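Peer 1: Under the heading domain 'LCN-type CS-alpha/beta', Swiss-Prot lists 1-66, citing sequence analysis as support. Sequence annotations record features per position, and here Swiss-Prot assigns disulfide bond to Cys12-Cys65, Cys16-Cys41, Cys25-Cys46, Cys29-Cys48 based on sequence analysis.
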Amino acid sequence: KEGYLVNHSTGCKYECFKLGDNDYCLRECKQQYGKGAGGYCYAFGCWCTHLYEQAVVWPLPKKTCN
């Protein structure tokens, strides 16, 4: 599974500005989803890869980013 890293309190994606390989996104994806996860910056949001199937990613149901 893969998807955008989401802030559970706001419903917003984690923003990033350095597209492609991005240490911030990689670190945040690993912190939230475990050391097996990967991450990079895609369309100005942190995109996480190699997630477990139950991982929660953006968008959150009933929670819009504002």
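Each Cβ is built from the backbone N, Cα and C atoms, and glycine gets one as well.
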Peer 1: Identify, in sequence order, the residues in the chain of Cys29 (disulfide bond) that are 6 or more apart from it along the sequence and have a CB within less than 8 Å of its CB; answer 'none' if there are none.
Peer 2: Leu5, Ala37, Gly38, Gly39, Cys46, Cys48, Thr49
Peer 1: Let's see if you can do this one: DSSP helix, strand and coil counts over the domain 'LCN-type CS-alpha/beta' (1-66), in that order.
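Peer 2: For the domain 'LCN-type CS-alpha/beta' (1-66), the helix, strand and coil counts are 11 helix, 19 strand, 36 coil.
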Peer 1: If you measure from the CA of Cys25 (disulfide bond) out to 10 Å, which disulfide-bonded residues from the list Cys12, Cys16, Cys41, Cys65 are inside that radius?
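Peer 2: Near Cys25 (disulfide bond) by Cα: Cys16, Cys41.
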Peer 1: Looking only at Cys12, Cys16, Cys41, Cys65, the disulfide-bonded residues on record, which one has the least crowded Cβ, with the fewest other Cβ atoms within 10 Å?
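Peer 2: Minimum Cβ neighbour count within 10 Å, taken over the disulfide-bonded residues Cys12, Cys16, Cys41, Cys65, occurs at Cys65.
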Peer 1: To the nearest Å, how far is the Cα of Cys16 (disulfide bond) from the Cα of Cys65 (disulfide bond)?
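Peer 2: Cys65 (disulfide bond) has its Cα 16 Å from the Cα of Cys16 (disulfide bond).
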Peer 1: Please report the number of other Cβ atoms within 10 Å of the Cβ of Cys46 (disulfide bond).
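Peer 2: Taking all protein chains shown, Cys46 (disulfide bond) has 25 Cβ neighbours within 10 Å.
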Peer 1: In the structure shown, which of the disulfide-bonded residues Cys25, Cys48 has the fewest Cβ neighbours within 10 Å?
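Peer 2: Result for the disulfide-bonded residues Cys25, Cys48: minimum number of other Cβ atoms within 10 Å at Cys25.
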